[in-house]
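Quick look at what Swiss-Prot lists:
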| type | residues | note |
| --- | --- | --- |
| ACT_SITE | His42 | active site, proton donor |
| ACT_SITE | Glu111 | active site, proton acceptor |
| BINDING | Asp41, Thr78, Thr109, Gly110, Asn114, Ser177, Gly178, Ala180, Ala181 | coenzyme F420-(gamma-Glu)n binding site |
| BINDING | Thr195, Lys198, Lys259, Arg283 | substrate binding site |
Amino acid sequence: MTPPPIRFGYKASAEQFGPSELADLAVAAEEHGFDSVFISDHLQPWRHDGGHAPASLPWLGAVGARTQRVILGTSVLTPTIRYHPGVIAQAFATLGSMYPGRIVLGVGTGESLNEVPLGLAWPEQKERFARLKESVNLIHELWTGERVTFEGEYYRTDKATIYDRPADPVPIYIGASGPAATRLAGRIADGFITTSGKAPSLYTDTLLPALRDGVEKAGRRLDELDTLMEMKVSFDTDRERAMQDTRFWAALALKPEQKAGVEDPLEMQRLADELPIEQAASRWIVSDDPDEHVEKIRTYLDLGFRHLVFHAPGHDQQRFLALYGEQILPRLRALVGQG
């Protein structure tokens, strides 16, 4: 089997822009040479002021109609609490039928701020993981069978059929930041998603070994999977501007214990705004020099990630896309032999 090609994608900042502007940015990403566009699926954003949270499912359908070649997917959607897995199976089968070969379902265990505000219980991590595993198995069954009766611990179906589905099932990627979900991705998923800007040892000593372990236990090869790194990058010709742009996304620099149990965007915003700019920017590759920027990105290619999806924090995303299209993507493609 041929390994997936190296791809460079764009993360549409759904927590920062409304749906129409975000769709325009996705179209621009294709025009500037990006290979994919991924969107999160939040009910609520990380901050209240200036925050947005468009629904990913209608947005993907609309953007599919306005683009020609980019892969479109979620990074990530939680198919376990506010959605029944069967609803997600139907939605992505429809998207896959309309845009064959271009749709990816990226899933994860989720965030409490997207579930608790709807009056839904937020389970412990062990249950969230079990729900994710069961939901992926159910989605696979619904995509390959007919009149599916499923009796799981958390979900059930009774002679359910997804009537409209693509010739080839939509790939499922599992997002993870810990070993258990990463191992699960290696066992049952078509791809693995994680995020940049954390301790290097997390990738070298924990996540990648867990991924290889899952792949080997399933009798698969690692190069059968698409390994996607969501890259946190802030690139501008003005380094100070690149640094200050990270402020909007300061919540990403909060430690897990700092944001545990925080479901209100106003409270998340308050906590994030207390961080000094150096900490707010700590997850991001902040650069004004293209060669320096590419060299830092190269670290993740050297780890073996084959699909880098770039998430920029600034408010002027058209500027980012133009700068990346002109200065960064050509260097990256030359680096991997695509120039």
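Backbone N, Cα and C atoms are what each Cβ position is placed from, and that goes for glycine too.
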Between Glu111 (active site, proton acceptor) and Asp41 (coenzyme F420-(gamma-Glu)n binding site): CA-CA distance (Å): 10
Which listed residue (Asp41, Glu111) has most other Cβ within 10 Å, given these are recorded positions: Asp41
Among His42, Thr109, Asn114, Gly178, which are recorded as recorded positions, the nearest neighbour of Lys259 (substrate binding site) by Cα: Asn114
CB contacts for Gly178 (coenzyme F420-(gamma-Glu)n binding site) [other CB atoms within 10 A, all chains]: 15
Binding-site residues clustered about Asn114 (coenzyme F420-(gamma-Glu)n binding site) [Cα within 10 Å; pool: Thr195, Lys198, Arg283]: none
Cα-nearest neighbour of Lys198 (substrate binding site) within the listed recorded positions, His42, Gly178, Ala181: Gly178
Among His42, Lys198, Lys259, Arg283, the one of these recorded positions whose Cβ has the fewest neighbouring Cβ atoms within 10 Å: Lys198
Of Thr109, Asn114, Thr195 (the binding-site residues), the residue whose Cβ has the fewest other Cβ atoms within 10 Å: Thr195
Spatial neighbour of Thr195 (substrate binding site) that is closest, considering only the recorded positions Glu111, Gly178, Ala181 and their CA atoms: Gly178
Candidates His42, Gly178, Arg283 (recorded positions) with Cα within 10 Å of Glu111 (active site, proton acceptor): His42
Assigned conformation of Thr195 (substrate binding site) - DSSP reduced to three states: strand
Distance from Arg283 (substrate binding site) back to Gly178 (coenzyme F420-(gamma-Glu)n binding site), taken between C-alpha atoms, in Å: 17
